[in-house]
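Enquirer: Please see the structure below; I have some questions.
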Amino acid sequence: MKPPSGFGKRWLLALLILLLAIALVLLFGQQEQMAASAGLRTVTFLVLCVLAAGCVALLALSPVKTSAQSQERHLQSLTISDALLAQITQRSEQPMLLTDAHGHIVWVNSAFESASGFQRRELMDQTVIGLLQGPETDPDTLKTMQQGLLAQRGYTVEVLLYNKDKQRHWHAIECKPLFDDNGSLSHFFALHRDISVKKQIHQRLRHHNSVLVAMHRELTSIRRSREQVMQRIVSVIADVLNVERVSIWFFSKDKQRLNCEVMYERSKEHYTRGLELDMALTPRYQRALLNERYIAAHEARSDARTAEFTDIYFTPLNIFALLDAAIIHNGETVGVICVEHINEPRFWEYDEQLFVGSMADLVQVELVREERWHNESILERTGHVANVGGWELDLNTMKLEWTRQTKRIHEVDESFEPKLDQAIAFYAPEARSKIEQAVKQAMTTGRGWDLELPMVTARGRQIWVRAVGEVVMKDDKPERLYGTFQDVTERKQTQSELERTTALLRNVLSAASEVSIIATDPDGLITVFNRGAERLLGYRASELVGVATPAIFHDANEVRTRGEHLSQELDKPVDGFRVFVEMAERRGAEKRQWTYLRKNGESVQVSLVVTAMRDEQQRIIGYLGIAQDITEQLNAQRALLESKAQYDELTARIPIGTYSVLLRKDGRIEFTYVSQRFCQMLGVTEKAVFENAINAFKPAHPDDLPSLIAANDYARDNMTDFRWQGRFVINGEIRYFRIASTPTPVEDGAGLWNGVVIDVTDYCLAQQALEENEAKFRTLFERANDAILLCTNNQILDCNPCTLTMFRYDELAQMPTTIDSLSPDIQPDGRDARQQMRQAFELATRDQQARFDWWFKRGDGSLFPAEVQLSAFRLGEQTAWQMTVRDITGRKIAEQQAHEQHEHTQAIINNVLDGIITIDASGIVSSFNHSAEKLFGYRSEEMIGQNVNVLMPEPYHSEHDGHIARYLKTGERRIIGRVREVHARHRNGEVFPVELSVSQITRGGKPVFIGMIRDINERKRIEKMKTEFLSTVNHELRTPLTSIIGALSLIGSGALGPLDDKASQMVRIAKSNSQRLTRLINDLLDMDKMAAGKMVFDWQLLSVASLLEKAIQQHRGLESSYGVNFVIGAQPKSAEIEVDESRFLQILGNLLSNAAKFSPSGADIEIDSHLQGKEICISVRDSGPGIAEDFHSRIFQKFSQADSSDSRRKGGTGLGLAISKELTESMGGRIGFESEPGQGVRFFVCFPLKSPVATKSLH
């Protein structure tokens, strides 16, 4: 045999090492399934692999001799090694194969021939995909295998393959590429492992789970009898496990017997019951059953736990294998499910044991349901016994609920929904304070109340009621109030009548034997002792009349206690016989409960009415005592209270609706009783349900209504319990209800079902939410944008797809298995990565979580920064961690950009010409730019941390902190957002003017103030020059102009002699131009005053009508000059405004002048005023050409003119409207206009009506 051609020595060594690794994988991968002999074979196989690898390695690495003898020995060694390798691979029980670079088979071992059913010659040059696939082979898995071959990376898959006989087998295939010395792909080596058994187990588990889920749904949705449930459980177990017999047994109370509840024989489809097993015969089985959850006897006759049954049970019934699961209820074993296999032994798989145990849990659930239904039935019957109304008040929602009996007492409709204020309004006014006091005391002390109160029903009837209340506390706070309500009018009326009758019967000595009547003289000596008294007390009248006082048959301690109470109440001594009559004398009669002592020593409780008997002169002539034995009445009341307390406790603890419904054989349904809670839960009224029972089912969800009807029909036809759970739509909201009832046969074959309705919405929604949350969690885990890894002790257990993407791995198999492998050895800051990660795990274990930044290493070797959150949790008995990794490469870039932007902004701030200072809410400087340093003479480091008021002279220095505090408290802006001129202080103490602008920003949730400071020394110098210039203009120009105008007026009037027409025209022109120049100067001076804030106003409260009249009179000359007419329109009466009269007339003069100038000759100019809210608006409307739209925004600017050429013809400087705007706003008004081209203009000014002005000057 020649050595393989084309194989280098190193390649051959690599192949042998690979085979050694495969052997190791097989050893550890199959250790759970191998027996001891298989383990021995594996050890032998490993030894052979090591020997073969060593031989070939020595041979391949030894120097090659050129002699023929050496070459021959070399070939012999290779032949021996190759034979040894073939022997090793052929002995392996693991199927192996070798393909060429294209996937064609070139070699297989004998295990592969056995698994595939093909001979080696049939397999050569074939592909695994083409040869072994079948109709159920997954095409996606085949595609993965093909892609792995094409990509030269191999694959790891689980796939269904077919052998030569078309038998199906599941295989786990691991295929790896092999490369030669040149790095070129030469072969693929594939290892196959049969996993059919594992797949079968998984399929059984899925089937068992689906059966359990279906059983749970079936048993909770359809109410069946206990017998039906047990029969269903055993039949399902028999079908799923394919066994002949399944039974359910329950222990007797003394645990000495097992009684068969049901036994099912599958072949006969027959159920039996009633068998009994004496546990004294099987003590070992009894001990095992009480201490173990499962008894899996694969060979029952030889198993020590079950062998005791061989003669008495197994042999007669041909039973060979037994699987028992204990039924546990309330913490103890109460029964067992017994699964019996006949004819041959059977190995019970673990999943089969779990399945039977789960079915035992379903039996336990049925036992719990049965107990609950029994308790509900008791509660329902108790509710029928106590005829007392109930009420409940939820103190969180203040919702009040009444029972049907309570509503009947109040004489309101069944549909009446009481409110708290409505309920209190039923009581008489004098009773309401008692209620409020009782409730207040109950909520403070936690103790209830018991009151008898007068009230008026909804129909106007005056009645007496007994109101009993209790408070329910939660966390030492009252949560709700509840109690009972009882009509005691009849008893009250009887009591009142008795008191009135007693006064009328003062002189009547009745022979009645049921009532004790005893009379005494004024001193207490008995004068009358009737037959009823004799029967009650056992004395004869002759023994007491004229001999004794009533003290002889009274309890001395009771009399003494009553005397002490009266003495304290009346502030005088009361004892002896006076104890019985003192209050009767004061009130006419007194009714009180006393203890009488019979002659034989027995005590009896009586209700005693004592009346003072008087003559016509109202003098007391004696006392009459009428006593009635109330022992039985008190006993009855006590029993009633105890019954009521039990009922209250039951109803308070179970918030359920109750009902009774009559189901007739002909299909008719009649409700005979429904509770108020029933109606509230189903959203129906009692009246509607009684009129037509179908109304109770109308709110049922359309999808669930058929099952409700079917359950009802089934219960009626079989006279069995009714059980149903489903959805109702109540006020648009879906609620889940569980309805259960038990039948009682009545006449004509009908049945009366007494049942309850329980709201299980929270439970159902919680179940749904749990399932949805589990699905959402898995979806979030799979789709999360962050990498999520689950790990224990540095070992990675699982990770989401984002982890592969973030760390740049193509598949999970390529991922490292430890956290340390994902990090560089040293972090960029020089820290040891392993040590720091251990510390992070310890911190997360101690504090439940840890958060830190970290640098990770990708699969391609590149590093990236990340934010890591490490959370610890318990996984079984050990601690596990969830590591969430977020790639923050973008954030780091953004931080770098932000830093660069900050440096850029700081450079701008430091080079801007204005000083910029930032301070916090306390006035402390946090930044101080270069221009501020030059402006104030301080260096930046000197000012940061100092209060900014060091830069201010008094009084700003002392007031500044107060201004900030007031602004932060009130939000009043005096400086913020405005530009002001203030004085600042230089380091050398020099005070200089600056212009200050302050703005506010928020940083970290706290206010930061930014101040811009500009030195305005130069501006002040220019303003001073301007002021001096205006003063010169005022004196040097206006004074000569006044003289010129006066002179021209004299000349024009002919005072110096007549002028010809031409000279007269020239004088008029000169005078007109001089007046225009004077107006221009006046306007300029006014504008300067307003700009400087030096305009002075003389405030007066003036009539708008008089102001308009005066303005028109002053400007009548404009009518003649321009040929227009001023027309005053409608105006409100007695409207007044507070303005400066001369300035107001100046504003109207400007508006009237403009209107006259731009209106055609003969046009009317309308002046009117009207109220608009709290303002009065005066408008001037002309008929001119209007204002062009592009000039609207500039019309109130200084020297603005719409058409310069037109303005020159009309005259004007462009200052009139600007001055009018300044004057209007300075006097608290506003000015505006409305215009469309060609349709004239309407100017208006608006002022507040009677607006008071705090100061008479704005200077």
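Even glycines carry a Cβ here, placed using N, Cα and C.
Sequence annotations record features per position, and here TrEMBL assigns transmembrane segment to 45-64. Marked as domain 'PAS' by TrEMBL: 81-152, 501-546, 901-971. Among the features that TrEMBL reports, domain 'PAC' is placed at 155-207, 449-500, 590-642, 978-1028. According to TrEMBL, the feature domain 'Histidine kinase' maps to 1032-1251.
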Enquirer: By DSSP, what is the split of the domain 'PAS' (81-152) into helix, strand and coil residues?
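Expert: Result for the domain 'PAS' (81-152), in helix, strand, coil order: 39 helix, 9 strand, 24 coil.
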Enquirer: Taking 155-207, 449-500, 901-971 as candidates, which has the most Cβ pairs under 8 Å with the domain 'PAC' (978-1028)?
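Expert: If we count Cβ pairs closer than 8 Å to the domain 'PAC' (978-1028), 901-971 scores highest.
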Enquirer: Which residue counts does DSSP yield for the domain 'PAC' (590-642) in the helix, strand and coil classes, in that order?
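Expert: Counting residues by DSSP class gives 12 helix, 30 strand, 11 coil.
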Enquirer: Averaged over the whole of the domain 'PAC' (590-642), what is the pLDDT?
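Expert: Taking every residue of the domain 'PAC' (590-642) together, the mean pLDDT is 86.
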Enquirer: Using DSSP, tally how many residues of the domain 'PAC' (978-1028) sit in helix, strand and coil.
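Expert: So the counts come to 12 helix, 30 strand, 9 coil.
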Enquirer: Per DSSP, what is the residue count of the domain 'PAS' (901-971) in each of helix, strand and coil?
Expert: 41 helix, 11 strand, 19 coil
Enquirer: Can you count helix, strand and coil residues in the domain 'PAC' (155-207) using DSSP?
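Expert: Per-class counts: 12 helix, 30 strand, 11 coil.
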Enquirer: Mind checking how the domain 'PAC' (449-500) divides into helix, strand and coil residues in DSSP?
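Expert: The counts are 12 helix, 32 strand, 8 coil.
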